[in-house]
Structure formats: structure tokens, C-alpha cells
Amino acid sequence: HTGEISINSSNTEDMSRLRNLVGFVPQDDVMHGELTVKENVLFNALLRVPRSFDKPVDDLVDAVLTALGLTKVQSSLVGSVEKRGISGGQRKRVNIAMELVAQPACLMLDEPTSGLDSSTAHQVIAELRSLANTTNCTSLAVIHQPRWETLQLFDQLVLLAPGGYLVYAGHTNKVLEYFQKFGIKYPPNCNPADELLDLIAKSAKASDNLPEGAPWTPAVPDTTTTGGLEKLWQDHGASPEQEDEMQQQPMKRKTMIWPMATIVLFMRSIVQMQRRLITIALTFFLITLGVVLLTLAFDKGKATDYIIAYSLTLLLLALLAGIAALRVFGSEKDVTAREAAAGVKLVAFFFGKALAAVVEQVGIAIIYAGTYSLCSSSRVDFWVIFLAVFPFVCAIFGMLYTPSFLLDGAQAQLCAIILAFLCYLFCGADPSFKAMWDVAPFKAIMVIDPLRWTYGYLITEDVKRQSRFLREASVPEFEKRGYYFDRTDFMPDTSWNSGFVGDVWPIWLVALCYHILALAALVLLQWWRLGGKQQFKKLVQKVWCCSKKKTSNGNGTTDGNGHSDSDSDSDNAGSLRKISSSGKDLAAQSSVPRPAEQQWRYSPHDDRYQSGSDSDHGYPVGVSHYSPRWPPPRDYNDWRRHPKWPRDDMHSWTPTPTPAMDDHYWSMRGPPPDAHYYGAHHW
């Protein structure tokens, strides 16, 4: 179906500009399970309340919670599948409250009563009606199986048949009277709402059983098919009544600026982290345990033992930090999509979450640096290790943000494990740096490998702190791996092609690149979900049409396969056939199947072009040749205006239909549709 969307009596094609004006309550209760009822509503209000709102936001939140009966549970956690929280009916109310506090001009609800008993559903709709009247907010809801008292709470009712066909639209209190006019009866002890749904369902089933090719709408309106119900409404439905004039709200609304929104989202993420302290503490414990065991197993005081200890402990850190990074965005993808659709700025959302994650990253770096400096024979100070590991952890988080946006939980975890082992593979420990650096593709991967830069920097700092005797003793082992020394004082060579790294700035640069990539992935993903897919299709179609138009207006017209008008007839002869007046196919053996919709254009580039009495017109006489290179217009007027026709005096021709068809060359599909004999010339 096609149509127009008008808002305030003006056509509207781009609905994205209305995100701050329209509230949408999804069918699923999408909200933060780690936050309390009031925190969910409060943070949503801070992000979406218009700047022109001159009352305290806390007062607005308290008013909405009171109206929806959520005051008693405002300090309770919403909960999730793993952790029980408030009841289902309370979650529905919270879902509605999160949209109402944004002061929308229009509120849309997708099945707000699904999963609720009839009493709770009635209470939710009654509270919604009361708030709609109080806040002057137009509310539209899709509702299934309501009891009659609940349905009467709605002012207007729209009934749709399968396929989106309109069956009724008008006042709710007049729907029974409308169907009774056509003989519809309601049993005494039944729910009229259920009877109406049954009527539409039975009619739809009868329409599905119609024989193939039967008209959708019967000639005589009845109620046995959906087409009949649709016909009844078209013929007998009341015209929309003129409602009282309502004050129109402005179509633009400004919300919180993005720096302030970043602060709000940062505060919300910190609160969420406080509710996940046990999970974070478990990550810290596993890092401590793993570093202790690996240093005891591989660092036994030999000159080059720290080479293996550094690489394996950094691998462990990459694994655990990667799993922790997936919790930042991956655990609330549905909430992210909802807030993006509501107009929350994605840049502020990303920076708020990423800045809050820095707190956990600092903790991970401190735990690793402290444990390694205490348990290993490393000569590097705690702060040197921390300053190298902290940007490494940031880079690992940034690297795993993108998979957490794009993949499901299990797939993202598998991706985190694979990426951690790839980082270890290209860090220059084993296989050696020399073996990997000499291969061009591997060299490119090593440039963006954060473990390679961190590992090289820690090795460099450890070697610098060794005595000259130890450095000279370690030269053969290091150079075998691709780590070179200055032979003057046997200090590490930190040039670009050496495994040693002289500074931490490459680690920070890699971390910054991964964060920028993650932000771009988030913005593109939400754009794709919020209509970008349709916009991309339109853009491709527009570019394709423009390219075809330019091609057709060039020196030689080409088809979709790149063939031009100037192609010789030898390329086309195999796809032509000669039809005699008796209908005998003279060249059937050379026919090639082609699509039924393909048409044919008259081609003057044929070596069988003949001259005669009409040669001054530039037309062939006796033999007409059609090329399968470009379709001609089917309409006669279009043929007359066709730019490829040899002469401009085509307008003087008068079409005279005739079945006569002499010997002419036609395409293998026969003559073009509605081919006619025009004067002395054959088509």
C-alpha cells in the first residue's frame, strides 16, 4: 500500500525530525535492569525533557510515578531474566512512565497490555487515559483481547483486517451500532470486543478460501469476507467528525546539549557499575590469580625468562579485559536502539559509557602492574608497567566495542577469544618478531596490534635496566627473535623495524583508532536500523538511474551487458529469425532464449541494410532488422519521439492495424507487441 503521511495537515516524509516529539512504548519492556524504577525514569527524563520545561525534573518524575502507582516500588531494582525484580504489571507501568516523562506530543504504545491479566490491563489503560487527559498527550495503542470495559476507555477505535484493510474507524461507543445495522448480533453473555475480532478473523479466513482469480471485494457487500467488510465501510462508513480545534505544538523541540548528556550518561553508567561490583571483583581476582601462576611457572630468574612471562600474562590480560569490554555495550543493545530511536545523541551515549569504563580499565591496569611487579623478577617499576598496560587495556576495550555492537553475546565472546590469540600471535614473541615482520601482510597487522606495542615497550624497559654484562649475554637470543642492539653500549635499538619499542604513544594511538572505529560502527548501525537501509536503497537506485541515463545519452547506447549500438551484426545474427508469411521459422536453430519483458530496437547498423525508393528517408525496404541491444518504446507516440529513429518525419506516419506480416527479420521472440503495418514501411 502507498499513501501520504501528514502531520498538522502538512505532508511529512522524514519522520526522524519527530523523534523528540513522539514517544514510543515497545511491546517488550526494554530498560536497565541494574537501575531502580525511579532511576530509570529519572535518567530518561534528564536526557529527553525539552529545554523549555521550567519545572524541576524530580517533581515531574514523582508526579508520573504517583499517577501510575509506582511510588511504593520506586526504590526497587527493575531486575532482569537472571535477577528477579518488580512484577510484570509494574514493568509495563515503568515502560510507559519512561516515555511520559519526556512530555511527548503523541504517545504510541505497542500492545501495552500483553502478558497482563484483565484486571491489571484495565488498570494500566485507565491510568494511561488519565495521564493523557492531564498532559494533553494524544495516545495511540495497539491492543489485543481487551475486555469491553477496557475498550470503552478509548475515545476512538480503529479495526483493521489482515493486510491492513480498514473495517471501522470512529467513536468507540458507536461501533456496536454500526455493525448491528448489517445484521451482526451479539450473544447476551459475551464480550463484544471478542465478537468483533472473531467476525474479522472469520471473514479473513473466508477471503483466503476464495478461488484463485476471484475479485477481492465482492460485488454485493457482505460480512463473509474481509473484502466485504472493507466494502461496507467504504460505502456506509461515517465520515470523520470535525473535532474541536486543538492547540498545535511546535514541530521542533530542543533537548539537552550533548556535553551535558554525556555527563548524565556517565553518571548513569557509574551507577550501573556499582550494581555490578561482584562481576568486576571477579575479573580482578582472575587477573591476579593468572599473573601469579604464569610468573611462577615461567619466570625462574634466567636472563630471558621475562620474555615468555610478559607475553603470556599480556595474553591473559587481553582475554579477561576483552570479556569485560563486552559488558559495556553488549549487555544493553536493545536499550541502545530504543534510546537512539527516541533521539538520544549517540556521540554523547558512546562517550558517557566509554568514560565510565575507564574506571574499570584503571583498576585492571593497577591489579596487573602490582601483581606482576611483586611476583616476577622484572626490573621495571610499578608505574612504568602501569603506564604501558593502561593504554593497552583501553585498546582492548575499544577493539571489542565493535563486535559487541554487531554480534550476539556468545558470538561476541568467541570473537574476543579469537582476537586475543591473534594479538598474541602477532606480538613478536612466538613466532618471532623477525619471522612475522618479514611478511608484508603480517607487518600491517602488527602495526595495529596493541599487544605488540605493549610487549615491545615492556621488553625494552626491562633490557634498559639490565647490566651491560646481561645485555651482552642476551644478544644472541634477542637477535634470533628480531630484537637488535646498538653494539656501542648494547642498548636496545628502538627503530621502526625492530621489536623494541621506545615509547607508549603508539599504544595510545592504536587505542584511539579502535575507539573511533567503534563510534563509527555504532552510528552507522543505528542509522541503518532507523531507516538508513531504505535511504541506501533509494540512493543506489538513483545513482543507477543516473548512470543509465548518462550512458543512453552518450555516443553509443549500451545495454546492461555493456554492448553498444555499433556492435557488428555478426554478434546479433544468432539471436534473429526470419518469419515467412506462412509462419515458418527459417532460423530457429540459432534462437537464444531471452526474458519475456525484453523488447527490441530498430538497428540501422546492419550490413543487410537496403536502399530503394524510400532510401531518401533512410529506412530499409523489404527487410527490417531489429537488434536485441536496446528495447524500443511500446507506445506509438514514444516511437515517434524515439531519439534513435533515423528521421524526424516519423510524425507523418499513420498507424493502420493489419495482420499482414511478410518476410521480415524479427527478434527471436517474434514481432514487437501490437506491431502494425505503417504505410509502405514494415515494423
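Going from the start of the chain as shown, residues are counted 1 onward.
Glycine residues also receive a Cβ, built from the backbone N, Cα and C atoms like all the rest.
All TrEMBL annotations are machine predictions without curation.
Now, the feature entries from TrEMBL:
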- 552-563: compositional bias 'Low complexity' (COMPBIAS)
- 578-592: compositional bias 'Polar residues' (COMPBIAS)
- 603-617: compositional bias 'Basic and acidic residues' (COMPBIAS)
- 2-114: domain 'ABC transporter' (DOMAIN)
- 144-202: domain 'ABC transporter family G' (DOMAIN)
- 268-429: domain 'ABC transporter family G' (DOMAIN)
- 551-636: region 'Disordered' (REGION)
- 278-298: transmembrane segment (TRANSMEM)
- 304-326: transmembrane segment (TRANSMEM)
- 346-370: transmembrane segment (TRANSMEM)
- 382-402: transmembrane segment (TRANSMEM)
- 414-433: transmembrane segment (TRANSMEM)
- 505-528: transmembrane segment (TRANSMEM)
Other parts of the chain folded back onto the transmembrane segment (278-298), taken as Cβ under 8 Å at six or more residues beyond its ends: 305, 308-309, 312-313, 316-317, 320, 323-324, 327, 360, 363-364, 367-368, 371-372, 375-376
Summary of DSSP states over the domain 'ABC transporter' (2-114), given as helix, strand and coil counts: 40 helix, 15 strand, 58 coil
Composition by DSSP (helix, strand, coil) of residues within the domain 'ABC transporter family G' (144-202): 24 helix, 13 strand, 22 coil
Per-region confidence, the domain 'ABC transporter family G' (144-202) (mean pLDDT, whole number): 84
